[in-house]
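*Asks:* Below is a structure I'd like to ask you about.
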There are 2 protein chains.
Amino acid sequence: MAQSVTLFEDTPLELVLGGMLSPINIAYQTYGTLNADKSNAVLLCHALTGDAEPYYAAPADKGWWQDFIGSGLAFDTDKYFFICSNVLGGCKGTTGPASINPMTNQPYGSQFPVITVQDIVRVQKALIDYLEIPHLKAVVGGSFGGMQATQWAIYYPDFVDNIVNLCSSLTLSAEAIGFNHVMRQAIINDPNFNGGDYYQGMAPDNGLKIARMLGMLTYRTDIQLAKAFGRETKQHTEVWGDYFQVESYLSYQGIKFLDRFDANSYLRLLRALDLYDPTLGFENEQAALSRIKANYTLVGVTSDQLFKQVDLHKSKQQLENSGVPVDFYEFHSNFGHDAFLVDYAFFEEMIKKGLAK
Amino acid sequence: MAQSVTLFEDTPLELVLGGMLSPINIAYQTYGTLNADKSNAVLLCHALTGDAEPYYAAPADKGWWQDFIGSGLAFDTDKYFFICSNVLGGCKGTTGPASINPMTNQPYGSQFPVITVQDIVRVQKALIDYLEIPHLKAVVGGSFGGMQATQWAIYYPDFVDNIVNLCSSLTLSAEAIGFNHVMRQAIINDPNFNGGDYYQGMAPDNGLKIARMLGMLTYRTDIQLAKAFGRETKQHTEVWGDYFQVESYLSYQGIKFLDRFDANSYLRLLRALDLYDPTLGFENEQAALSRIKANYTLVGVTSDQLFKQVDLHKSKQQLENSGVPVDFYEFHSNFGHDAFLVDYAFFEEMIKKGLAK
């Protein structure tokens, strides 16, 4: 069970693209022990559909970084004090579209504002301040979490020693925005969506299921799906319906997702992914990126179909053009984009190095 | 305006996976002149959403291979007599789900049977017989059309001299089946779909639009979309809606598709793509592929995101394992899968060579 704190009660958060939120509940979890001089704190930033608990103590459940966190592991709980919080706009304990709007006593729904990575990071900073942590040894994130890590180094250059950005680029590609667009349309066109105000009735489950299935295809690789399913068909099945095993797998993933995610949150966070631009609020790219003082580690997977290598290479170049040296690693993994969640053997050393600088 | 003929009036077509159809209307078009000994006929097989008219004589319109067909071009109308027909199950003049079922005098809709590439090819063969063409110099197709070309060489090994298969593999990958699954679900879940019996009311336009947008993303490449749109936004627009130019482009493509395609046909043809297996009806792969006597040309594009190079390489190997020599070419094109429709400079020589053997 994640911990929780309510902030922005007296002073609302003014959102970067307009609007404000007050109060903001933040779900978070910590692992390891903060040392006496408070110099070993590391913030973990979750990806699009993650939550505040990358590791569950209960043996039956698995957190999204379950195998990465522990004594002697990539995220070494003997050395560091890890903090992870659910993002603003999410649906896992932090204020989001399904939360009660204190002005109406109804869920925000369609009234929830547009959220950016910048807003998410400012809420994380408020949590770190509340925890009385004066400095972060590192901010680490994969995918959407990597964008948060980058923004930390831009907003709070003296506060962070190390950034570790996994499978993510400075901005999202046109193609990836395109996939997000298709996912959004699937949700918005669901007959239950009702402009986002569906909390009194049926949720737009079919739309969210379709979106999740498409998302899964961009997180995986053709090689992995060929190995796992190939062209195998289900037994005793009709040609219409889930005839191939890969269809059955996707449908299962889509349905499983409905239990743990809210369509409005998914829409808001997808849009934050599209919109992320480190330049926002600064005169130009150079003005934003040159603020970074942290050591910057960037790790890419050559088979990543969502954050393609051409975009990671471009990000490396942009950072270096602004005077930010980048420790850049790339490797092949059949897991593609999801490698940062599952391919421990590859990431262990780079994460350890990136944290320890 | 395509020509048209009605066949299978007295003898219904017995479909490979069960069911029968009678009669079958076939829309087709021809280009060039059949020579005296009828030795210069070439069948062009269209891809998923193509039609019987790759070239339009009227200057205002453009066929899907408009720039490839003509005097001296890749498909040289001075040398060859080209025939192209709309596939069975389509919606461009050949019998499909929107056609009138003579048993009910209503559109087939949900009652239209499952169609395979094998059925499509048998209808094409009936057309060629009707046209009294005793032999084909070549069968050419890209993507779904490439599968048809392969099946021609298996079913009618003595009838065809040359197969030219562009951007297609012998079977569809698990990943591509996954994309088709997502597209199908978007259509099936549209509130207007009504199990396929929507011809009396509103069509499942939103679902078909979403499917088409996703299809477009698999036909194009990240490089091409980055060049064309990057992260450009539309002017005077809301963050919700088509905010980025790439979204506007996809939405436009999706809406444009509604004017020219029927959702039921799209579902049937997607499934035929998934199901295509040259082994169907034969004891094993070797028994099917070793029937091929035609010269076999296979052309792939390294950036193809739908028919990936790993699958084309595998197809080449499968054919060679069954004693079919393959002239294999691959090259890079920013256009990805759609290269075979637009990248004339790359394909001209290989098509000319492949036809002339």
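Using the three backbone atoms N, Cα and C, a Cβ is placed for every residue, glycine included.
Annotations for this protein, taken from TrEMBL, read as follows:
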ACT_SITE  B:S143  active site, nucleophile
ACT_SITE  B:D304  active site
ACT_SITE  B:H337  active site
BINDING   B:R212, B:D338  substrate binding site
DOMAIN    B:40-342  domain 'AB hydrolase-1'
*Asks:* Could you find out if DSSP has the residue listed as 'active site, nucleophile' as helix, strand or coil?
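*Replies:* Coil, per DSSP.
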*Asks:* Where B:R212 (substrate binding site) and B:H337 (active site) are concerned, what is their Cα separation in Å, rounded?
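*Replies:* About 15 Å separates the two Cα atoms.
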*Asks:* Quick check on the recorded positions: of B:D304, B:D338, whose CB has the lowest count of neighbouring CB atoms inside 10 Å?
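*Replies:* Sparsest of the recorded positions B:D304, B:D338 by Cβ contacts within 10 Å: B:D338.
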*Asks:* Indicate whether B:D338 (substrate binding site) is helix, strand or coil by DSSP.
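*Replies:* Assignment for B:D338 (substrate binding site) reads helix.
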*Asks:* Average the per-residue pLDDT over the domain 'AB hydrolase-1' (B:40-342) and send me the rounded value.
*Replies:* 96
*Asks:* Let me check the 10 A CB neighbour count of B:S143 (active site, nucleophile). How many other CB atoms are there?
*Replies:* 27
*Asks:* Between the Cα atoms of B:D338 (substrate binding site) and B:D304 (active site), what distance do you get, rounded to the nearest Å?
*Replies:* 8
*Asks:* How long is the line from the C-alpha of B:D304 (active site) to the C-alpha of B:H337 (active site), rounded to the nearest angstrom?
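*Replies:* Roughly 4 Å, rounded to the nearest whole number.
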*Asks:* What are the non-local neighbours of B:H337 (active site), defined as same-chain residues 6+ apart in sequence with CB under 8 A from its CB?
*Replies:* B:S143, B:C167, B:T218, B:Y219, B:R220, B:V301, B:D304, B:Q305, B:L306, B:F307
*Asks:* How many other Cβ atoms sit within 10 Å of the Cβ of B:R212 (substrate binding site)?
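*Replies:* That number is 25.
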